[in-house]
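Colleague: Can you read through this structure? Questions will come right after.
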Amino acid sequence: MSAGTAIAIDLVVVCLTIGGLYVGAGRLVAGAVAVSERLGLSELVIGLTIVAVGTSAPELVVTLDAAVEGQASIAMGNVVGSNVFNLGLILGGIALLGPVTVPHRVVSRDGLVLLAVGAVTTAFVLDLQLGRIEGLALVAVWIGYVGLLVRSDANRTRERPETVPLPSDPTDHWEGVVSVLQLVGGLVVVVASAHFLVTSAADLARLVGLSEWAIGNTVVAVGTSTPELATAVIATRRDQQDVSAGSLLGSDLTNVTLGLGGAAVLAPLEVSSQAPVGVGLLALTVAVVVVLAWTDAELTRPEGAVIVAFALGRWIVAVT
């Protein structure tokens, strides 16, 4: 088989698997949100946890699969590239279209936690390794963070006036079954698509002469971020800024703590020499977003332009 034919086949597989990630994550999120609403979780907590984890499913599975397959640079590059794409190009791009409200509680709590995690992760990879202990520390941050969110939401729920329960609908049971089936089916599609995306992306990088770090930061990162893009656009059009900004911040936090941390627990990562700078610039991107959003609890068009320009500059640095 010629190199041109092999490249074409890998490109087709990459495109198909990105489509599979998009469809699978959509079904997974729909099922997870429906189940969560039945449990009485608030819109903000759903955005920061359920939707964030659901839309992060492609990044999570791709990162874990890449780590197990020994493709550490794809795993790290995917997380860094996806996070910059989410905050810089999705959130910044939406702000370019019109001001985006970012609730102060989202910035002061979630933004600062993400900033701290980015700084700590940068320190972790200075020796070009991410070991199991460091991975466990990142996963522990995610568990503690989600526990804090759920507990805080439960306290607010108890303070609300009680409502009279409505009579149960016989169709509720079947709707619940459908929601669970959506969740499980979406997860299966995401896992299968992620595996073939990693193998094809690694082959493509080798054939065209790009490093795994570069391919992970670009093609794989953009592909795995398509669910976040769709979720953010839909939420913004519905004027649900809590979900739009909250899910993007929550998704990025999930990628670093649960994704990268979980990958290191499964298989300690020997990362590229570009990783410390890449993760450091990611933390700087978060800092720019937090500072701009903190001033007036929204991102204006000029601020969106600054964020997009900064993210594009960081991306250029990452792949050159």
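A Cβ is built for glycine as well, from the same backbone N, Cα and C atoms used for every other residue.
The domain 'Sodium/calcium exchanger membrane region' feature in TrEMBL is assigned to 11-149, 179-310. Look at TrEMBL and you will find 6-29, 41-64, 84-100, 112-130, 136-154, 174-198, 275-294 tagged as transmembrane segment.
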Colleague: If you count Cβ pairs under 8 Å, which stretch among 6-29, 84-100, 112-130, 136-154, 174-198 touches the transmembrane segment (275-294) the most?
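Modeller: Highest pair count goes to 112-130.
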Colleague: Using DSSP, how many residues in the domain 'Sodium/calcium exchanger membrane region' (11-149) fall into helix, strand and coil?
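Modeller: Counting residues per DSSP class in the domain 'Sodium/calcium exchanger membrane region' (11-149), I get 121 helix, 4 strand, 14 coil.
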Colleague: May I have the DSSP-based helix, strand and coil counts for the residues of the domain 'Sodium/calcium exchanger membrane region' (179-310)?
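Modeller: For the domain 'Sodium/calcium exchanger membrane region' (179-310), the helix, strand and coil counts are 113 helix, 4 strand, 15 coil.
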